[in-house]
Amino acid sequence: MGKSSLLAAIGPSGSGKTHTVFGCAREPGMVPLALRRIFCENESSGTESSRVFYLSMFEISSEKGKAERMIDLLHDGGDVCMQNSILKGLQEAVFRDAQQAESLIAHGMLKRATAMTNLNSQSSRSQCIINIRYDSENGDEEVDRKTSSTTLTIVDLAGAEREKKTGNQGARLLESNFINNTSMVFGLCLRSLLEHQKNRKKPLQKHYQNSLLTRYLRDYLEGKKRMMLILTVKPGEEDYLNTSFLLRQASPFTKIKFKTLEQPVNLTCSKRPNQALPQADQLKKMKFSNCDASLVDEGNIDTGFHLNMRKEIAGKVVKDCPNQNIKGSANENSNEIHVLSDGYISWGIQEKPSLNGDYLKNKVAKDREYLIMQGLSKALWSVLKQYKKKLEGIEIENCHLRDSLTSEKTKSLDLENELASEKLRCFDLENELKELKFRCTCCNEASANVLAVLHDAGSNLSQYQMVEGQEVNTEVSSYSLSELEQTENEKKMDHSATDSIVTFASDSGGVEEQCPQLIHQQLEDLSKGSDDSEYVNGFKDTSIGDACSRSQEVSTSNDAQDLICYEETGMVAISSTSGATSPCLYTGQKSEQDAVSIVGDVKKLEPEIECVSNESSPATSIEGEMGMVAISSTTGATSPCLYTGQKSEEDAVSIVGDVKKLEPEIECVSNESSPATSIEGERAKSSQDYEDLKDAEGEPTKTENDDSLPSVENRIACVAAQPHTVLDSSESPRKDCICFDVDEEQLNYEEGKKQQVPLVTNLPKEEWDTNNITKCLSHLASSSNFQHKEKPKRRLLPASCLLVKDISTLDVKDENDKPKGARGGKRVTMDDKIRTQGICGNICELKSLKSLHSCIQAIVLHRTHFMQKFSY
Ligand SMILES: Nc1ncnc2c1ncn2[C@@H]1O[C@H](COP(=O)(O)OP(=O)(O)OP(=O)(O)O)[C@@H](O)[C@H]1O
């Protein structure tokens, strides 16, 4: 009776202060629990009619963050003002039971200012205060009625907020400032009270003046009334700072002692009892009043409520403190229990003097402190348990993370190994790339060389085609001349062979013999005229290669009907002209036997020649193993002429005889009507030479070819210095032919035989002198070499060799190498064509332009393949 108390919930925002105070339907808070307890005691005491309860509810909020205002929540939100710690305008609601009070409180809660923040969807933006006042109606006097009033105040403070967490702005931010300020002032008041209690010399600071809430709760904050604080914390990890801060700030408040006691009874004045009497007198009064109250007020409602509370708490204390001496004194009528229960309820505010002396008083105080610390430790223990659970979860998560880390490490190791292997692979690829680059460079160079070679070859071919009889192949000529000399020496041993210089003419009736003196003179003239590198007696000196090129050109042309082919060691000359009925064929032999059997060979070869020769083509050549077989055939030719050269040294000995034997055959196969030395294709190209010759000779220019050819050919005297050497009947002198100018009188150039002019002038056998021949040949060789030195224009050998090399490395097969089964005869390969249609020994490996083109294509493909590999 007459013991007002305060129950305040403090803590950060969203920690559950409102939930703790008001609760919910399943979990009632402090207010419903208190109401139920009050009415439960009242029912048990049977004094229901004698007690009246009043309920008031208001809130303290901020007005735009500046002024504070108090609003009555139970009566339409009327403003409340405070004057001298007395609220004016606050109306109380009378209630008779707990349900009625709860409904009133619920109605007031609807009017409370709340707002949504980041921390709480229904965050309290004001301090809510609920007063439950008990007033006894037994006394008749007003004074007694006032003195019998007791108030239980329950405060739901707005939680302190951190701006970073709440993210409040504008009005919410002003509210937050107000809330934080009020919380701060409340804490300052408590701290000041604690410091004042520790050191009496320190004055009690008047921090309560800084807010309406502290001003209203001044008695409690100055230790004049009992007060109990409920700390609410959040167990979240992110709230650790707030929790620790609150515990550190509130833990000293447990040491606050409320030594002042209210004067519940016998107070005649309306002033506060603690203010009316000094502290010492209050203590004395308290002793007596408590004793009296315990004795006199027995059976009273208020006394019964307190006794029930004391009994419950005393049982709890006895249960928790079995070793204490108070165990046996747990009697509801005893003072010890009374003291213990009071101490427990009032949270160290009251210190009731014990009837048994100071010993018991100190002991009770210690027990009280122990209980307080025990409660705090339990709260801390629960918090620690929650953190422990969290730590366990974190440890489990760490274990999973470690496992995953281990697996990731193994994966990373595997990846590193793979990376190392890839690096090695890249290194190999780089090396391969370098090699490919190098090969591409080589291919480029090769292709450039091939193009250059082609260009040179084309130019040379054109030059060969354009220029006729200008050059002499020194190699072949020197070789032929040396063999001629050797053969002449051998001829000395064989008298039958020494006088054999054979010349062949396609015209059977055109063979003439001249005296050795004349020949000697002609040779000297030739040697003298050799200084002229371009012409010998008005004719261009030509090489075998030139002859071959010309003959090849002639053979490829539709109009040409002649073919002249050479081999390394021998030469086959076939001369035929258009319209010739029988082409002429001759093959030089190196042995007597071969020469003797020329006719037979020719006869034997005729079917083969006919077989491989194409009637539509003007000429076909077949190369033999030791010699060369040249086949000349023209359209309409009746019998081809063939001669095969052999490498035997004794061939030259029996040349004369052989030739004699062959002459009938040659005459037989030669076409009398057509001069074998005339080549239409060449004639056209050498027309300039003819003109020069005619101009030099002073002969009248003949417009018809048939007339011009004999005039030119009559000027040619060919000496067969080697058995396998064939004197071409064409107008161009060969390297193995001795060409010299012949006087007009000496030429068998009869008027009626213009078309059968002898092409070659032979010396009579009896007039041939070996010395003359040798000398003549030496002059010829020297002149040829000299001419060749002055005209080093042939570069086809390295080009052809390079080309062949490239082709061999690329493994390119020429389509001409395919067998021609349709022909049914001897298979003519590309090599055969090259050899038979080759220009000379130096360019014998130079294949046709078609093969060159295919070669270039293959090189380009090869290069493209390398570039694709490089780009990958
Ligand atoms: N012990 C609890 N049991 C169940 N729910 C709780 C408990 N404590 C708090 N809550 C819930 O937490 C939320 C916030 O609680 P409450 O509003 O009481 O916090 P508060 O401290 O009053 O915050 P503020 O200071 O911002 O008003 C509410 O939804 C409430 O239901």
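Just so it is clear, glycine is given a Cβ too, placed from its N, Cα and C backbone atoms.
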Subject >> Range annotated as coiled coil - as stated in TrEMBL, picked from 244-271, 412-439, 776-803 >> reply: 412-439
Original post:
Near ligand 1, which of the binding-site residues PRO12, LYS17, THR18 are found, taking a Cβ distance under 6 A to any of its atoms?
Top reply: LYS17, THR18
**OP:** Would you list, in sequence order, the residues of this chain other than GLY11, PRO12, SER13, GLY14, SER15, GLY16, LYS17, THR18 that have their CB within 8 A of the centroid of the site's CB atoms, where the site is the one recorded for ATP?
**Re:** ALA9, ASN120, GLY159, THR232, LYS234
Original post:
Relative to the Cβ of SER15 (ATP binding site), which residues of the same chain, six or more apart in sequence, are found under 8 Å away?
Top reply: GLY159, THR232, VAL233, LYS234, ASP239, ASN242
Subject >> Structural state of PRO12 (ATP binding site), classified by DSSP into three states >> reply: strand
Subject >> In three-state DSSP terms, the structure that LYS17 (ATP binding site) belongs to >> reply: helix
Subject >> Nonlocal residues around LYS17 (ATP binding site), in sequence order (Cβ under 8 Å, 6 or more apart) >> reply: ALA9, ILE10, GLY11, SER124, ASP156, LEU157, GLY159, ILE230, THR232
